[in-house]
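Chemist: Pasting a structure here, questions to come.
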Amino acid sequence: MGGAVVDEGPTGVKAPDGGWGWAVLFGCFVITGFSYAFPKAVSVFFKELMREFGIGYSDTAWISSILLAMLYGTGPLCSVCVNRFGCRPVMLVGGLFASLGMVAATFCRSIIQVYLTTGVITGLGLALNFQPSLIMLNRYFSKRRPMANGLAAAGSPVFLCALSPLGQLLQDHYGWRGGFLILGGLLLNCCVCAALMRPLVAVAQPDGNSGLQRPSRRLLDLSVFRDRGFVLYAVAASVMVLGLFVPPVFVVSYAKDLGVPDTKAAFLLTILGFIDIFARPAAGFVAGLGKVGAHSVYLFSFSMFFNGLADLAGSTAGDYGGLVVFCIFFGISYGMVGALQFEVLMAIVGTHKFSSAIGLVLLMEAVAVLIGPPSGGKLLDATHVYKYVFLLAGAEVVTSSLILLLGNFFCIRKRPKEPQPEAVATEEEKLHKPPTDAAMDSREVEHFLKAEPEKNGEVVHTPETSV
């Protein structure tokens with residue numbers, strides 16, 4: 001279904017694991033920060049939007065939901081664009097879209113227009129930057145890829161800690177329209193990051209030919225679904241997302257329900273984000289160790305199980321100190337999940353199928369993102385007990401870890417080994433090899449065949465040939 005890649009690195013080019021790759025890593029760090037932190041950072045403008053448009057909190061919350069849905073749900077579209085035009089052009093267009101959406105929102109006169117500009121246009125722009133940046137990071141790093149993924153993933157908590165106070169400051173001084181305009185200008189830095197994504201090229205040979213051909217690829221490679229490892233990963237990741245984002249949404253309200261002051265309750269997210277900043281690079285470093293890296297799938301399963309266990313333990317918290325302990329352990333496990341999720345996917349599908357694989361996974365996760373937090377809210381409305389929300393989230397994440405762990409152990413690790421080509425060749429040689437006791441001297445055979453030539457096309461019958 002489509003043509004060849006324009007920006008795909010030629011087959012056989014070794015990942016530099018450094019050099020210009022550090023510039024690519026920096027660009028990926030910035031893009032990841034904008035992509036994940038921006039939907040949460042715009043929430044500081046919600047109260048002013050509610051006041052201007054006369055709407056409720058649930059109406060403004062759709063802005064963040066649409067941003068996340070666009071980030072995840074447009075994965076296949078991003079894959080098609082990357083496989084057709086290359087990473088750098090797609091990211092440049094995405095940066096322009098992200099900025100244009102925020103600037104256009106300053107002229108909106110209704111909340112629906114804000115949905116279309118900030119939600120759809122900016123969300124699409126961020127999506128067109130996020131996925132290609134991960135693909136380029138995968139091309140530039142091989143041995144150091146786990147560490148690179150961990151450092152890039154740290155952009156999310158770093159930017160969240162920076163953009164939220166900045167958004168509040170902009171709102172206090174310039175209002176929500178001026179704040180959106182300035183944030184739109186900041187998003188133009190995505191174009192700068194796109195310029196850093198220099199494609200890898202093959203080294204020219206003395207005869208002027210690079211000697212390496214670009215691989216032929218489809219715009220959206222659905223053959224990844226034939227890989228049992230990918231199917232298990234996609235199912236486990238989708239179940240995980242159902243509960244992964246629920247606790248950060250409700251932990252502040254949980255603290256307020258226990259009688260904690262607003263300022264102390266909001267500080268819980270700061271604790272979580274601070275721990276997350278250090279957990280992601282640390283998890284990437286551990287995954288890059290030789291013996292550990294060979295079992296990265298099991299490490300990812302453990303991080304999901306750890307995260308779900310933290311949710312289950314957090315449901316028993318009865319005071320502020322208990323919630324602080326929960327945020328510490330949740331921040332560690334959340335950072336591990338964030339650092340390992342795409343690293344494991346890269347290890348499962350490989351470099352050439354990663355662009356299609358990540359798009360399809362993000363599409364599946366988009367459905368879970370839209371279901372997870374609202375389902376927790378529905379449960380809270382029905383029971384008015386935060387404990388059940390955390391129990392549900394923990395059960396979903398633990399289930400996802402068991403799906404990946406047991407599926408990988410029984411369906412992948414235990415599958416029958418295919419015979420090696422050398423072994424097959426040896427068996428064929430044994431079948432076609434004549435018995436040693438029937439061996440004849442080659443000169444004797446040649447003498448026998450030439451002893452009586454054919455005469456006039458007739459076969460001369462001898463006692464030997466007659467027999």
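Numbers run from 1 along the shown chain.
Placed from the backbone N, Cα and C atoms, the Cβ positions cover glycine too.
TrEMBL labels come from automatic prediction, so no person has curated them.
In case it's useful when we look at the structure, here is the feature table from TrEMBL:
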{"type": "TRANSMEM", "residues": "20-39", "note": "transmembrane segment"}
{"type": "DOMAIN", "residues": "21-412", "note": "domain 'Major facilitator superfamily (MFS) profile'"}
{"type": "TRANSMEM", "residues": "60-85", "note": "transmembrane segment"}
{"type": "TRANSMEM", "residues": "97-130", "note": "transmembrane segment"}
{"type": "TRANSMEM", "residues": "151-170", "note": "transmembrane segment"}
{"type": "TRANSMEM", "residues": "176-197", "note": "transmembrane segment"}
{"type": "TRANSMEM", "residues": "230-255", "note": "transmembrane segment"}
{"type": "TRANSMEM", "residues": "267-290", "note": "transmembrane segment"}
{"type": "TRANSMEM", "residues": "297-314", "note": "transmembrane segment"}
{"type": "TRANSMEM", "residues": "320-342", "note": "transmembrane segment"}
{"type": "TRANSMEM", "residues": "354-373", "note": "transmembrane segment"}
{"type": "TRANSMEM", "residues": "385-411", "note": "transmembrane segment"}
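Give me the local environment of each listed feature.
Modeler: Under 8 Å from some Cβ of the transmembrane segment (151-170) lie the Cβ atoms of residues 25, 28-38, 40-42, 44-45, 133-134, 137, 178-179, 182-183, 270, 273-274, 276-277, 280-281, 284, 335, 338-339, 342, all in the same chain and six or more residues away from its ends.
Counting only same-chain residues 6+ beyond the ends of the transmembrane segment (267-290), those with a CB under 8 A from a CB of the stretch are 143-151, 153-154, 156-158, 160-161, 248, 251-252, 255, 296, 299, 303, 323-324, 327-328, 330-336, 338-340, 343.
With a cut-off of 8 Å between Cβ atoms, the residues of this chain six or more beyond the transmembrane segment (320-342) that come close are 134, 146, 149-150, 153-154, 156-157, 237, 240, 244, 247-248, 251, 254-255, 258, 260, 264, 268-269, 271-284, 287, 296, 299-300, 303-304, 306-307, 309-311, 313-314, 358.
Residues 65, 68-69, 71-80, 82-83, 131, 134-135, 138, 218, 220-222, 224-225, 230, 233-234, 237-239, 241-246, 249, 342, 345-346, 348, 393, 396 of the same chain, all 6+ positions outside the transmembrane segment (354-373), place their C-beta atoms under 8 angstroms from a C-beta of that stretch.
Residues 228-229, 232-233, 235-240, 242-244, 246-247, 250, 253-254, 257, 297-298, 300-302, 304-305, 307-312, 314-316, 372, 375-376, 379 of the same chain lie 6 or more positions beyond the ends of the transmembrane segment (385-411) yet place their CB under 8 Å from a CB of it.
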Chemist: Before we move on, state whether the transmembrane segment (176-197) and the transmembrane segment (97-130) share at least 3 Cβ pairs under 8 Å, counting only pairs 6 or more apart in sequence.
Modeler: yes
Chemist: Which of 20-39, 60-85, 230-255 shares the most C-beta pairs under 8 angstroms with the transmembrane segment (97-130)?
Modeler: 60-85
Chemist: Any chance the transmembrane segment (60-85) and the transmembrane segment (20-39) have 3 or more Cβ pairs under 8 A, given the pairs are 6 or more apart in sequence?
Modeler: yes
Chemist: Sequence-remote contacts (6 or more beyond its ends) of the transmembrane segment (297-314), Cβ cut-off under 8 Å?
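Modeler: Same-chain contacts beyond the flanks: 229, 236, 240, 243-244, 246-247, 251, 283, 286-287, 322-323, 326, 329-330, 332-334, 336-337, 340-341, 344, 347-348, 390-391, 393-402, 404-405, 408.
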Chemist: In the predicted model, what is the mean pLDDT computed over the domain 'Major facilitator superfamily (MFS) profile' (21-412)?
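Modeler: Here the predicted model's pLDDT, averaged over the domain 'Major facilitator superfamily (MFS) profile' (21-412), is 86.
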